[in-house]
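Undergrad: TrEMBL lists these features:
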| type | residues | note |
| --- | --- | --- |
| BINDING | 43-49, 71-73, 330, 356-358, 438-440 | GTP binding site |
| BINDING | 44, 71 | Mg(2+) binding site |
| BINDING | 44, 45, 46, 47, 69, 70, 71, 72, 156, 170, 249, 264, 328 | IMP binding site |
| ACT_SITE | 44 | active site, proton acceptor |
| ACT_SITE | 72 | active site, proton donor |
| ACT_SITE | 167 | active site |
| BINDING | 324, 325, 326, 327, 328, 329, 330 | substrate binding site |
């Protein structure tokens, strides 16, 4: 039996028929599934290590949002690699690496990073371009905020916010513009620079100098550029392939769901994967959240479990908690399960990777934040307002430390019983299984639990 539906659209009438579906359109969920790795805290959780682990068996590895404000460190065979724009999985030379349309690209930084890592076989989608004056404006805006409000956001000053602002105001320029009519591109570039100079009179832009460099960059990247929608469609609907997406930043830095305004300028939750690569939601497969065994954040903003004491100093020192991109010391505190439950509500994690468990090896006692109180009453939600979040009182559960070295552990059975209890405690309170446990820097230090 055939069911006929009439659909009115824009004054025209269309019809389609669906055999044997009772009038419902069949789900188009065929094709290769995309595996996603996302940060579940404020970033710096060790996403690069998890991506590197999964990338060894992946055919395509993608970045979907952010820019060179992200910093991922990977250690392979004792050699350390730092990535900012390129996907961490590019170490797998057999895979194609993709930088999606949701990423903002500073071409000098991208080309420098590519040369440094000496890897090829990567493609760029129709990404938004970041220019030197975007980075200058980022710094000027921070100075302006400090002067007006007495506080700044604590950005990386890499130009991320101003570039996304240009995109939202529809004045930005994309890679496809750079590779098309350079005369038209030059005119639009000059107009954009003048707009920023009108807002910031002290801003100096070497227009001719930058355009000359951009013309050179255009020819260098031209062979690498593809239309991302068609590329990803073919990858998903073609022969069997393993596709991996690496998120930058983390859930609590998401522009919509994070600790606004102390956030990044893109969607670093699972929705950013779809919009940043042109992937249908039905093709999203496993979504892995990466969690540090404690909590850190860089820059300004509320941090309920922060420890401004010897505990925080110990975590910072033992964990070598210094930003890959900024070189700033990270603020440190106990693991906060409230933010993990919140991140899971948004992302729907398949499983967690718990990293840097070994940093807790020397602790006599370990605290875990399990809930928040406000004015003496427990609140069942994560506050959206930062003034409210600053005032919450954290309720902790105390767990005994295991006081032994876990860095040589390679199997679940090798871990001390109290370390296993800590892991199970997190799983039970958040409702997400922990698939990997990290006890060191190297790829071999990731223990798979199931």
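Indices start at 1 and increase along the chain as displayed.
Just so it is clear, glycine is given a Cβ too, placed from its N, Cα and C backbone atoms.
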Undergrad: Within 10 Å of residue 330 (substrate binding site) (Cα to Cα), which of the recorded positions 44, 49, 156, 167, 249, 357 do you find?
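TA: Within 10 Å Cα-Cα: 44.
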Undergrad: Of 156, 249, 328, which binding-site residues come within 10 Å of residue 43 (GTP binding site), going by C-alpha to C-alpha distance?
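TA: For residue 43 (GTP binding site), the binding-site residues whose Cα atoms are within 10 Å come to 249.
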Undergrad: Long-range neighbours only, meaning 6 or more apart in sequence with Cβ under 8 Å: which ones does residue 357 (GTP binding site) have?
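TA: Result: 293, 406, 419, 422, 423, 437, 438, 439.
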Undergrad: Find the one among the binding-site residues 69, 249, 327, 328 whose C-alpha lies closest to that of residue 167 (active site).
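TA: It is 69, whose Cα lies nearest.
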Undergrad: How big is the gap, in Å, between the Cα of residue 46 (GTP binding site) and that of residue 249 (IMP binding site), rounded to a whole number?
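TA: Between the Cα atoms of residue 46 (GTP binding site) and residue 249 (IMP binding site), the distance comes to 11 Å.
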Undergrad: Let me check the 10 A CB neighbour count of residue 46 (GTP binding site). How many other CB atoms are there?
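TA: I count 24 other Cβ atoms within 10 Å of it.
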Undergrad: Run through 69, 73, 156, 249, 329 for me and report the binding-site residues whose CA is within 10 Å of the CA of residue 44 (Mg(2+) binding site), in sequence order.
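TA: Within 10 Å of residue 44 (Mg(2+) binding site): 73, 249.
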Undergrad: Of 167, 328, which of the recorded positions has the most Cβ neighbours inside 10 Å?
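TA: Checking each of 167, 328, the winner is 167.
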Undergrad: At 10 angstroms around each C-beta, which of the binding-site residues 49, 330 has the fewest other C-beta atoms nearby?
TA: 330
Undergrad: Counting Cβ neighbours within 10 Å across all chains shown, tell me which of the binding-site residues 69, 249, 329 comes out on top.
TA: 249
Undergrad: Out of 43, 327, which has the highest number of nearby Cβ atoms, where nearby means within 10 Å of its Cβ, if these are the binding-site residues?
TA: 43
Undergrad: Closest to residue 73 (GTP binding site): which of the binding-site residues 156, 249, 329, going by Cα position?
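TA: Going through 156, 249, 329 one by one, the Cα closest to that of residue 73 (GTP binding site) is 249.
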Undergrad: Measure from the Cα of residue 156 (IMP binding site) to the Cα of every one of the binding-site residues 49, 327, 329, then give the nearest.
TA: 327
Undergrad: Going by Cα-Cα distance, which of the binding-site residues (49, 69, 249) sits nearest to residue 327 (substrate binding site)?
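TA: The smallest Cα gap between residue 327 (substrate binding site) and any of the binding-site residues is with 69.
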Undergrad: So of 73, 156, which of the binding-site residues has the fewest other Cβ atoms within 10 Å around its own Cβ?
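TA: Fewest other Cβ atoms within 10 Å, among the binding-site residues 73, 156, is found for 73.
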Undergrad: Cα-Cα separation of residue 329 (substrate binding site) and residue 49 (GTP binding site), in Å?
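TA: It is 20 Å, counting Cα to Cα.
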